[in-house]
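Take a look at the structure below.
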Amino acid sequence: MTGRQKDLHWVLSLFLVLRMVETVSGARGPFTGTHMSSPFSASDVKQTPTVDVYIQCREVCGLNVSDRCDFIRTNPDCRSEGGYLNYLEGIFCGLPPNLLPLAVTLYAVWLLYLFLILGVTAAKFFCPNLSAICTLLKLSHNVAVSFCPGPAPRREGGRAVRGVAGRQGGVARGPGKARALVAFSDPRTAGLALGALFGAGVLVTTVVAGGIAILRPFTAASRPFLRDIVFYMVAVFLTFTALYLGRVTLAWALGYLGLYVFYVLTVVVCTWLYRWQRRRSLVYSMPGTPEMLSDSEVEPVSSNSYDYSEEYRPLLLYQETTAQILARALNPLDYRKWRNKSMYWRALKVLKLPVEFLLLLTVPVVDPDKDDGNWKRPLNCLHLVISPLVLALTLQSGAYGIYEIGGLFPVWAVVVIVGTALAAVTFFATSNSEPPRFHWLFAFLGFLTSALWINAAATEVVNILRSLGVVFRLSNTVLGLTLLAWGNSIGDAFSDFTLARQGYPRMAFAACFGGIILNILVGVGLGCLLQISRSHAEVKLEPDGLLVWVLAGALGLSLVCSLVSVPLQCFQLNKVYGFCLLLFYVSFLVVALLTEFGVIHLKSV
């Protein structure tokens, strides 16, 4: 079946934006993009010319080889505000200059692997726990989709049915919000966040949406489409206005978050009204009267949706030992699936195995659709020790975890002692076969742990992209609209195209808008709010040249074109519409790159 529990990928942008904003709030003085409190008087500030310190850091490539390392170590702009590795120092201090191409290649490979880590974490751990929380709190899965875009799991007979797209679509989708949050938290990478948010928005609403229409022409759901595109246009307009004014105030940041809350409430209320109206129509309809059609996709039962794992169940059940349960729970490889898959799938699975094993060891997952809720007694008891330790060592890149209480006892040691005590009590008070009544709490623990794993990986992604920008002297904005936006959207394209090929284009098309609304509203709003709460000052936004305006204009134009053209086609989306969207994106990308390299520029007056 084709239901999906999606990475909050577009997880896999929010934390990026938040992380970016955190750094902004910790930034100092002359950093471009943010207004921070300064120990100097206003007159002193006026006498100091505005300096683009990010360009100042990029000047390292113009220095003598012998001076580059000292420059990187002494220039405040070249320091990373978060993360575990100093990538700039690794390039210019760790390796000789003649090995610079090797360093860039290694960084590119590590960047791709980080995207893989983000996708796996979001798809297999973050979103399943989020879906479980929605189920436990009796919330509509439309709420989960508002955070974890993509079609919600379809329920048949009380069970959520997930299909190929749900299992495969998490390669890179989910960390997008995280990366945007991380970039906004540092004024030096705010352009990266804007480029990623606008670039991913243009990509998803043109390439992904157009590809769906080309693969399988369909009739779009009218009301959800109009609702989502109008909300997204309002969000883009707010961001465009903030860029024009050059600042984000506290009221403006709260307005972003308030608009997103209003969007979620609109989704929930519309869903409730539709169900109420449908129940009434079924009660009062006469026999033979056709049922009222839904704006959501009517999903036929797929002929290949049979769960073949039923055939492999043993006829004689036996009681597994605690050690066997632990070994099976920590094994990320399904040998039956391995034998039936292609070489490409196997190669990708080999790359995923270390990540999946580490996440299985550190992140609990609750599945309400299973009889035992995915209760694994020995592993869940280990989670009570390891998950809080991961929380302590990943929050603020481990700054809180290594803090010593009274200068003697580190916080991580306290966490280990308390977690061990809880694990011991849980182990002796529960059984292997029966989940405890408090098992649902593991969904919240897994949600927090996977979120911080995503945040940590997103921080490294932003730092690598910033380092590559220094090496190649590229602006953050062009890095955001290309590498970061493409990385954010690979999972979207893959999973949505899979859904379309399987016969669910409406579901895939609807998934194109929910996530990017979350990216821009929560990414910018929460990111700026975090910075304002620390600096007690408004956030100053200084657009990175003409390119930002090209991005904002292209995104707004693509949305207006869709808003006008789709109703004119009576919501019948065909291949011509899809090819027009692809042509629009190619034209936008050419104009953006020409603008970045100075071919297109504003004439000086």
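Glycine is no exception: its Cβ is also placed from the backbone N, Cα and C atoms.
Marked as signal peptide by TrEMBL: 1-26.
Residues or ranges marked as transmembrane segment in TrEMBL: 104-123 (among others).
In terms of DSSP helix, strand and coil, the domain 'Sodium/calcium exchanger membrane region' (188-268) has 71 helix, 4 strand, 6 coil. Annotation source TrEMBL lists domain 'Sodium/calcium exchanger membrane region' at 188-268 (among others).
Per TrEMBL, the feature transmembrane segment maps to 190-213 (among others).
Remote same-chain residues near the transmembrane segment (225-245) are listed as 194, 197, 201, 252, 255-256, 259, 263, 266-267, 270, 509-510, 513-514, 516-517, 520-521, 524, 541, 543, 548-549, 552, 555-556, 559-560, 562-563, 566-567, 571 (criterion: CB distance under 8 Å, separation of at least six residues from the stretch ends). The transmembrane segment feature in TrEMBL is assigned to 225-245 (among others).
Positions annotated as transmembrane segment by TrEMBL: 251-274 (among others).
Taken from TrEMBL, the feature transmembrane segment covers 381-403 (among others).
Under the heading transmembrane segment, TrEMBL lists 409-428 (among others). Cβ atoms under 8 Å from those of the transmembrane segment (409-428) belong to residues 377-378, 380-382, 384-389, 391-393, 400-403, 436 of the same chain, restricted to positions at least 6 beyond its ends.
Residues annotated as transmembrane segment in TrEMBL: 440-458 (among others).
Taken from TrEMBL, the feature domain 'Sodium/calcium exchanger membrane region' covers 443-593 (among others).
The feature transmembrane segment is assigned by TrEMBL to 464-486 (among others).
TrEMBL lists 507-533 (among others) with the feature transmembrane segment.
Through the fold, the transmembrane segment (545-564) approaches residues 191, 194-195, 198-199, 201-202, 205-206, 209, 226, 229-230, 232-233, 236-237, 239-240, 243, 475, 477-478, 481, 581, 584, 588, 591-592, 595-596, 600-602 of its own chain, all at least 6 residues removed from its boundaries and within a Cβ separation under 8 Å. As annotated by TrEMBL, transmembrane segment applies to 545-564 (among others).
According to TrEMBL, the transmembrane segment annotation covers 576-600 (among others).
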Practice task
Establish whether the number of Cβ pairs under 8 Å between the transmembrane segment (104-123) and the transmembrane segment (464-486) reaches at least three, counting only pairs separated by 6 or more residues.
Solution key: yes
Problem - Contact yes or no, the transmembrane segment (251-274) and the transmembrane segment (507-533), 3+ Cβ pairs under 8 Å, gap 6+ - result: yes
Handout entry: Within-chain partners of the transmembrane segment (576-600) [C-beta distance under 8 Å, separation at least 6 from its ends]
Key = 202-203, 205-207, 209-214, 474-475, 477-478, 481, 545-547, 550-551, 554, 558, 561-562, 565-566, 569
Problem - Cβ-Cβ under 8 Å with the transmembrane segment (381-403): same-chain residues at least 6 beyond its ends - result: 82-84, 326, 361-364, 410-412, 415-416, 418-420, 422-424, 426-427, 442, 445-446, 448-449, 452-453, 455-456, 459
